[in-house]
Amino acid sequence: QNEEKWDFVLVSDIHEMGSEKEIKRKKFLDELSKKGFTIKKIEDTKLFYGVRAPQHIFWKYQCLQRKADSRQQNSSAHENVAETTRIRIVNFILRNTVTSDLEKLHDLMKKKVFEAAFPLHKKEEIREILKDKWARWGVIFKEQPINEIRCYFGEKVALYFAWLGWYTYLLVFAALAGLVTVVAGTTVFSSSQVSKEICDANTTFMCPLCDQNCSFWVLSDTCTYAKVTHMIDNEATVAFAMFMAVWATVFLELWKRERATVVTKWNLHRWDEDEEELALQLINNLQHEPQQYQHSYLRSTIILILALLLVMVLIGIAHMLVIYRAVAMALFTQSEVSLLSKHASTMAVMTGAVLHYITIIIMTKVNRHVALFLCDLEKPRTLSQQENSFTVKIFIFQFFTNFSSLIYIAFFLGRINGRPGDYVRIAGHWRLEECHPSGCITDLFIQMAIIMLLKQTISNIMEYLIPLISHQLRKKRERPKERRMMLGEEEEAEDPCKRHWLSNYELNEVNVFSLFNEYLEMVIQYSFTTIFVAAFPLAPLLALFNNVIEIHVDAIKMMRLHRRMVPRKAKDIGIWLQVLEAIGTLAVIGNGLVIAITSDFIPVQVYKYVYSPCARENRTGMDCSTGYINNSLSVFRIQDFESHTKVLPEFKGHQIKECRYRDYRSADDYTYTVQFWHIFAARLAFLILFEHVALCVKLIAAWYIPDIPQRVKNTILCDKHKNLRNELSMIEYVTEV
């Protein structure tokens, strides 16, 4: 039975004898044999080579580990090496074995000498436990078996699932807070004075939304829209934005504690990645010289310029979406279809959001290629450095891809479009969009809701279905022989390894980025959940539903649909932690800006305390925001329209001389009023105050919650003490003898 334990399988096409590929393959396998590897060949529609490493390689590794980690000094000479460690060492040696032509496995795979190299899913007890307790839909609300995941997939994967589980658990609190905010919005604030005024304003005539064939419109037509806006945009949202800033910090601080506990339990807190890499290099080749650290300012400058160029392109794409919406708005308003012309603004926003989603999908692929190219330019020293460098680049690119359009809607929409009689135009022709009289925040809400829902539903379905379908197709393609055997032709007894290797080969392939993709997806989702959460309080709830499914989709994929991942050792989630901390800071800035600039919170407060009847006449019995809508709309005389604007002066039997638009300008010369500058100052003051308070609270929370629990610190302390005492007693014993 022991004979049939194989660490890795190499797969190759059947090449002609004497062909270049066959010679290269033989050279590589000969190199492995020289290192003492056992190789077994099985022929089917492809050639399969089982590879087993000699025992002395693992003994060397254990000795080096024992030197590095003196805690295990008294362990027995050659205990069994964990399966994950075996696979990791064999993978390293396979990837770093050089043939006489100076080619490595990577080069041979590029030249199609080998098609695949993978470790096997084995029928171990632990695999059955994982299938039963983790990789099925029935256990969706149970705790994940993190230790078993570690024993089967290695620490890196286990830490990903530990982090994802922890994030999902803490999302429950954020989701509840978001739900409370929305419920408060629908109950307490649906009767708000502002939306009441909009609903009653049936004699307030608003300026037309386009230049040709657009009539005036009555403010009370948008009653429903106003109610929706005030459901999101109210006092509760400010408290919720503050809560989310603190939540993001507390989440990361508690995760650091959780990580410290887990890593200490696994005895990895002293483990050093560089030392591990050097040890493996020396086991593979004793003559190996370490690669030196290097840094080139010229190379860094080139990378920076190229990265900035791509960011410019991504911002350019956001501009294209803005232009699309302006043109679509103009075309929809003039459309013959009444449904389109009636809801032109909403249709423009919704189709814009779908278009944005499509650009996200396309640009994600482009970003990946550019980030890889920049990584190769940088020439990182080790695999983990390469991963870190790639992570930072792709995150920045993805951030701009996902958020540039949202940033425009949140902070520029309706602020740069001019005024009636003097509109800002695209190519001198199309007007930029305007905000609704009850604020821009609903546009941001729609955009976020569409992108989050599309991203999560489509991504999750694709993530599950594509591997499932491709696995079924591979199965059909790789097993044409079985029918012949069933027809009764007797063949020699089949090698038990053959079926096992074949079934592993039929699974979908995995690569270095398999886990990276999962992290990236979650971190972008985390950005949506925190950065503009003030405009979309339901984001944490959507994220929570998504994650509960995501954990199990990932588990089923890894256990049943994908080949086994090469286990990797790790003691944290790497650079992702810094990325998450950066998002936490961005969230404070983003939410502060949303409340200060996008929302109507500040103008309403300024009106209440300075311009309202309460402030002027000391009336206490009335709602202080009475008259706000009338106050926030400026007057425009129809005779001042641009010459090419065609507007019918008659509307519903009224002869209209002036219309209203949303701004604070004087009725005489259309310059900004004092109130405009007053509100502008209040917005800035609020922004500075909100950000400083939120950042202070974040710092206090970070200080208040220690990164490493005392229990863990004490365990490490006692260990050090015990080791030193043992060393001393050994020395004293030797000197006495």
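Glycine too: its Cβ is placed from the backbone N, Cα and C atoms.
Model confidence over the domain 'Anoctamin dimerisation' (76-146) is summarised by a mean pLDDT of 87. The domain 'Anoctamin dimerisation' annotation in TrEMBL covers 76-146.
Summarising the annotation, TrEMBL assigns domain 'Anoctamin transmembrane' to 149-715.
Marked as transmembrane segment by TrEMBL: 157-184 (among others). Within its own chain, the transmembrane segment (157-184) is flanked in space by residues 143-144, 146-147, 149-150, 231-232, 234, 236-237, 239-240, 243-244, 247, 250-251, 254-255, 258-259, 262, 515, 518-519, 522, 526, 529, 533, 537-541, 543-544, 547-548, 550-551, 554-555, 558, 565, 567-568, 570, 572-573, which lie at least six positions past its ends and keep a Cβ under 8 Å from the stretch.
According to TrEMBL, the feature transmembrane segment maps to 236-255 (among others). Away from its own ends, the transmembrane segment (236-255) comes close to residues 163, 166-167, 170, 173-174, 177-178, 180-181, 184-185, 188-189, 530, 533-534, 537, 540, 577, 580-581, 583-584, 587-588, 591-592, 594-595, 599, 601, 690, 693-694, 697-698, 701-702, 705, 707 of its chain (Cβ-Cβ under 8 Å, at least six residues beyond either end).
Look at TrEMBL and you will find 302-324 (among others) tagged as transmembrane segment. Packing against the transmembrane segment (302-324) from elsewhere in the chain are residues 352, 355-356, 359, 363, 367, 370, 374, 377-378, 393, 396-397, 400-401, 404-405, 407-408, 426, 430, 432-433: each is 6 or more residues past its ends and has a CB under 8 Å from a CB in it.
Positions annotated as transmembrane segment by TrEMBL: 344-363 (among others). Within the same chain, residues 209, 314, 317, 321, 324-325, 328-329, 332-333, 335, 397, 401-402, 405, 433, 436, 443, 446-447, 450-451, 454-455 sit at least 6 positions outside the transmembrane segment (344-363) and bring their C-beta atoms closer than 8 Å to a C-beta of that stretch.
Proximity of distant same-chain residues to the transmembrane segment (390-413), defined by a Cβ-Cβ separation under 8 Å and at least 6 residues beyond the stretch ends, is recorded for 307, 310-311, 314-315, 317-318, 321-322, 352, 356, 359-360, 363-364, 367-368, 370-372, 374-375, 433, 435, 440, 443-444, 447-448, 451, 516, 519-520, 523-524, 527-528, 531-532, 535, 574-576, 579, 590, 593-594, 597-598. Residues or ranges marked as transmembrane segment by TrEMBL: 390-413 (among others).
Under the heading transmembrane segment, TrEMBL lists 523-553 (among others).
Tertiary proximity for the transmembrane segment (573-597) is limited to same-chain residues at least six positions away from its ends with a CB under 8 Å from its CB atoms, namely 159-160, 163, 237-238, 241, 244-245, 248-249, 252, 255-256, 259, 384, 387-388, 391-392, 395, 410-411, 415, 441, 444, 519, 523, 526-527, 530-535, 683-684, 686-687, 690-691, 694-695, 698. Annotation comment: TrEMBL describes 573-597 (among others) as transmembrane segment.
If you look up TrEMBL, you'll see 680-705 (among others) marked as transmembrane segment.
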For the domain 'Anoctamin dimerisation' (76-146), the number of residues DSSP places in helix, strand and coil: 33 helix, 4 strand, 34 coil
